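Notes follow the structure.
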Amino acid sequence: MAVKSQLCSVWVGSETGILKGVSLSKKQAFNFCEMSCLTRDQEVCTMAWGDPHETEVLIGCLNGRVKTFSTEKGIFTESRECGDLSQGRFTGLAVMDSSLITCVESGLLKVWNEGSSNTAEINVGTGVCRMRQNPSQRHHVATGGKENPLKLWDLQRPDKSIFTAKNVANDWLDLRVPVWVRDIAFIQDSNKIVTCTGHHQVRVYDPSSPQRRPVLETQYGEYPLTTLSLPADQASVVVGNTHGQLAILDLRKGLVRGCIKGLAGGVRGLQCHPSLPVLASCGLDRFLRVHSLKDRTLQHKVYMKSRLNCVLLSSRDLELLWLHIPQSWPAKPKLPLITKRGVCAFFGVQGLYISGSNLPVSSQSSVSCKAGTADPGGPEVTVPASAPAWKILPWLLLAVWWN
Amino acid sequence: RYEKLIQEPVDNGSVEESESAGSSFPPTFSLSTIKNKQRRHLMFMKLKQEKRKQKLELRKKRKKERDALGDKAPPKDVPKTIENQRVYDETTVDPEDEEVAFDEGTDEFSAYFNKLTNPKVLITTSDRPRGRTVRFCEQLATVIPNAHVYYRRGLALKRIIPQCVSRNFTYLMVINEDRKVPNGMVLCHLPDGPTAHFKVSSVRLRKEMKRRGKDPTEHHPEVILNNFSTRLGHSIGRMFAALFPHDPHFVGRQVATFHNQRDFIFFRFHRYIFKNEKRVGIQELGPRFTLKLRSLQKGTFDSKFGEYEWVHKRHEMDSSRRKFHL
């Protein structure tokens, strides 16, 4: 069990309540479920990483329980009662400094501490569809839903929202435009928030600017957009709708950059990898698909036997995912490919890679090179990231020769 | 000049024959470069005759070899059909799979399959139906027990559905009509169940059927579901099964068949009689039609805001002639 869970790089939650782990390198999917007695009210509503090292997966179930699954041990370690069926489904789970933040459809946002006393309780309005936490400022949380505009909350001052979005102006028939926020994401390195709505609109808000109306608004398709995700390179967003259409939209001008084909059912879960141009999508057609964002082709397709609700991509298994996207990278290596974030460079030689960290890296920091595959015993060579190509090359050649 | 005109095909023909007899290198000319239609046609006929001759020779040779071997001849090959060559679908249901069994056992039809509800079907049409569609709906109502036909007075489906639920209906069937002929069907399972949208074609009413039997009686028919092998096929098959009551009246000797072949579902309604233990006679009663699934939507009818479980996308899914989804 522990071995299987350590192999998995993608985690999927299904409607039958089973947590599925997929290992893309071995092309295998494993079921992790508590007992052989499954019930439909254990349906997985949301999933989130329990800690920044991605060793724990938090699963919010329909009956109000939040289960913790340890990826290293391969078992469910904890289960807490955080609400019940009457309050609605979980719409968001987040972790802040060892306390758990949950939000349900009826609008109750609660912060659960380690002890049994729960501190803040905020009512964010009814009909909530999504709650998301700002990955850089962990005490900021955004919520939105049906007839519930986007609101940004600071958990340290829970009485009033920091930012409430204003509805756009009346349309060309002078009718009020209905509000239905389905998914929210925080753009990195800036204050902006992207939302997608059930009326096929994608909007960008800027809380730091004086205007409460969206800074950018675009439309895609004719069907409700259910999820969105931000890829590694900035200024674009991937959205999915209920018809199974996935599109990459450009956030600078609001145009469609391209569509991803292949899904047959509505998209329920979408996640882009933090550093690689890879996208995992799951939906009602019971398939998990991994696409490459560079050429929009399908890399992996895995049949899971139940309808899927949410997907989580682990960022630590960079090398395993990278081995499976040869065609999206140029055949000849372009030196240097070491950017500010330390993205992997590709060499034709046997799996030489440069592993980088995911945290924002300043320009003066160094990138460590490690030769060989998953062998921790290889030589560790530290090279300043801002060094030009001719300085890095001899170190890399040394690492290659070592292996 | 006339002789010249005739000579040229002969010359080209000889070139053609030698090339086809040799046939190890590709021909340096193709028929499409001949501009004259008559000559081109002549060349094409010659080509076809050549090919036919070669095929016949090959067949004769093979037959001779087979006869020469006599008893030791290898068995004849199974001819390739599209059903044989079907690309294996990974969603094909394995009967022993527990997870799929659990998924099916607890889906929206579980209430029917656990014998908690009896089917009650409401049949209606799109607005202002013509005679053919009206007669089709009446005949469907005789075929499906406990079915009621109502005239659609331009009412919105989303408003009809809560009223049906309160009156304990389990299915809503809407026959869509275009140009005086039924061409679509929306089948909505009622409490909160999936909605399937089909394309209906080849509708034959009772009057148009040859050698048919007498009208169907009130007995509950048996149901045959053929060839629904994938997970999507299972969902659709269960949808059809839940239209009919659980207990078929074997006295009535009536059977409704939903046969899936190449993603088309053929509906037939027969009455059978066993002449002796080995031979059965059947007479077809009732309407016959073919269905093709266009989309399966989770939840009751809501084409704009509902979530689709499966949508038929022609350019992505129909690219291979050997890949089927049901």
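Yeah, the Cβs are placed from backbone N, Cα and C, and that goes for glycine too.
The compositional bias 'Basic residues' feature in TrEMBL is assigned to B:52-64.
Taking DSSP states H, G and I as helix and E and B as strand, the compositional bias 'Basic and acidic residues' (B:65-80) has 8 helix, 0 strand, 8 coil. According to TrEMBL, the feature compositional bias 'Basic and acidic residues' maps to B:65-80.
Residues annotated as domain 'Brix' in TrEMBL: B:119-302.
Feature annotation from TrEMBL assigns region 'Disordered' to B:1-32 (among others).
Annotation source TrEMBL lists region 'Disordered' at B:52-96 (among others).
The average pLDDT for the domain 'Brix' (B:119-302) in the predicted structure is 94. Under DSSP, residues within the compositional bias 'Basic residues' (B:52-64) fall into helix, strand and coil as 13 helix, 0 strand, 0 coil.
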